[in-house]
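Asker: The domain 'Heparan-alpha-glucosaminide N-acetyltransferase catalytic' annotation in TrEMBL covers 181-304. For 155-177, the entry in TrEMBL reads region 'Disordered'. Residues or ranges marked as transmembrane segment in TrEMBL: 190-208, 223-244, 256-275, 295-312, 319-342, 405-426, 435-453, 473-492, 504-521, 541-559.
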Amino acid sequence: MSSSRLNFPPGGSLRINSASGFPHHKHIALKMDEALLTVNNELDSEVVVSWMSERCYQCLYQQLGVVPAGSSPGQPGSVDFVVSTQHEITLQLNSTPVNLELCTLPFHFGEHGNYSVWVKNLNDSSVVNCSLVTHADPVNSYIRESHSHKHNHKLELGSPGRTGAPLTDNILPPPPSPSKRLRSLDTFRGISLVIMVFVNYGGGRYWFFRHESWNGLTVADLVFPWFVFIMGTSIALSINAMLRAGSTRRSLLGKILWRSLQLFIIGVFIINPNYCQGPLFWNNLRIPGVLQRLAWSYLAVACLDLLVDAWWSPGLDVLLYWPAWLCVLLLEMIWLFLTFALPVPGCPTGYLGPGGIGDMGLYANCTGGAAGFLDRWLLGENHIYQTPSSRVIYATHMPYDPEGVLGSINSILMAFLGLQAGKIILHYRDLHTSIMSRFLIWGLVLGVISAVLTKCSTDQGFIPVNKNLWSLSYVTTLACFAYVLLVLVYYTVDVKKWWSGAPFYYPGMNSILVYVGHEVFEEYFPFRWQMANSQSHTEHLTQNLVATSCWVFISYVLYRKKIFWKI
């Protein structure tokens, strides 16, 4: 029995073991999210086996391998494949050399399951029959690997939370004042931050705790926009408080510029892995990143709020801020123009796809359309993210940065929608019903806009929800969720006081320390240790939960000692 290995993109088939005889009993060690599939061919010609993920929109089939013809009656050709179990896949079996399609089999394989497909002529006729048999039930990786289950065919920018009393001029808050502080904002920030840390640490290696390959949403795609949103809310409250305390607009503008620069520099250091091994090298230095995008969003929205307030006095929550809205809408028009009208060499104008094997492989080098082209042109291919999530399913090979230049425009929009929430809190102060009703109205309006842009579908809309692009519908959808979640947290924490916000309140109070700390110390104990079985979802989940809990506990201790990291 001979064996061979083929290279396929993550999420597809990983390994192949081939055998010309039957039966065969060679053991193949399976990893997480893998199942064993044996294809038995009783035809007198070879069979080509290909696959396609259900999450891959308008994709080409990718070849797994070739199953030889049977050597004699009762001795079929047989090949073992290791297939992905994260999503349903469709198997396509073609005969050679004419490449005639014999059958297609859509199926969601279960982790560590053992399956076989039999290809044979039906009753000695020319009709080909393909049947799938389950030999060993998969494990239920969502509970414990030892159980089997049968298949069925970041940062806080601006001191948040005070609506009346003066605040000191710092990005992170001073020791809290329970009588004045809006705990719901820190709680909201803490929820976003804790989920972000958990996801960054691996999320138990479950697919729904990883970023979506292209269009669509997973849990991992929710938290960064929420963080940007609550940053905008904090900007509104902190600038208002510092102006009331007597700070001049000129001094605040200088501090905004300095804070943005610090954020950007910190971001460059923590996303480039060589900083622990020596000086950073320009040749492969990644420029965009999470903190860098927060820096640009903070700079734009804080300056906008500061300058517009210089001409307009507080009053209504929207109407007297129309100059700021006009600026944001102008930025959005720039995003729409560049996205849908900028000529991209070798790509269709207005392309929003992932490239690779998507769109039937017609635009393999067009990943991200105008967004990817601008990043590669402005920053250079070596200075952006090299392994985007689109590689997982769409087999893309172009560098693409999800925190790139063009998407930063919509990040500013997200922060500005959060700023709008802060303005509502300022204008209506302790009128809880007015605040919550306006939050819900904003959520409804943004939800309707999302429904129109996406046509309530993942891939069929005018502008699909896409985290990699930070598309307009992605911002409106996540802002809709943010307003609804903020209503729930605000009502339970600050209105009814049913919940103190713990434990999320504590990391929300020290967000920059938690975010930077979890990135820098990711590889150190107790945040990571050598596991007995690195292919166990249970062990990964345990490790990631422990690591996240450690940062919650650290933030609690710092809160009790009134230690807050300011920049």
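Glycine residues also receive a Cβ, built from the backbone N, Cα and C atoms like all the rest.
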Asker: For the transmembrane segment (405-426), which recorded stretch in the set 190-208, 223-244, 256-275, 319-342, 504-521 gives the largest number of Cβ pairs separated by under 8 Å?
Answerer: 223-244
Asker: So which residues does the transmembrane segment (190-208) touch in its own chain, when a touch means Cβ under 8 Å and the partner is 6 or more beyond its ends?
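Answerer: Residues 32-33, 86-87, 141-142, 154, 218-220, 222-224, 226-227, 230, 485, 489, 501, 503-509, 511, 514-515, 518-519, 522, 527, 537-538, 540-541, 543-545, 547-548, 551-552.
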Asker: Tell me if the transmembrane segment (504-521) touches the transmembrane segment (256-275). I count contact as 3 or more CB pairs below 8 A, with pairs 6 or more residues apart.
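Answerer: In this chain the transmembrane segment (256-275) contacts the transmembrane segment (504-521) - 3 or more Cβ pairs sit under 8 Å.
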Asker: Which residues, given as numbers and ranges, are at least 6 beyond the ends of the transmembrane segment (435-453) yet have a Cβ under 8 Å from it?
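Answerer: Sequence-distant neighbours of the transmembrane segment (435-453): 317, 417, 420-421, 424-425, 428, 461-463, 465, 472-473, 476-477, 479-481, 483-484, 486-487, 490-491, 495.
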Asker: Average pLDDT across the domain 'Heparan-alpha-glucosaminide N-acetyltransferase catalytic' (181-304)?
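Answerer: It averages 90.
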Asker: Near the transmembrane segment (504-521), which same-chain residues lie under 8 Å Cβ to Cβ, leaving out any that are not at least 6 residues past its ends?
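Answerer: Residues 154-156, 171-173, 176, 183, 185-191, 193-194, 196-197, 200-201, 266, 270-271, 291, 527, 547, 551-552, 554-556, 558-559, 563-565, 567.
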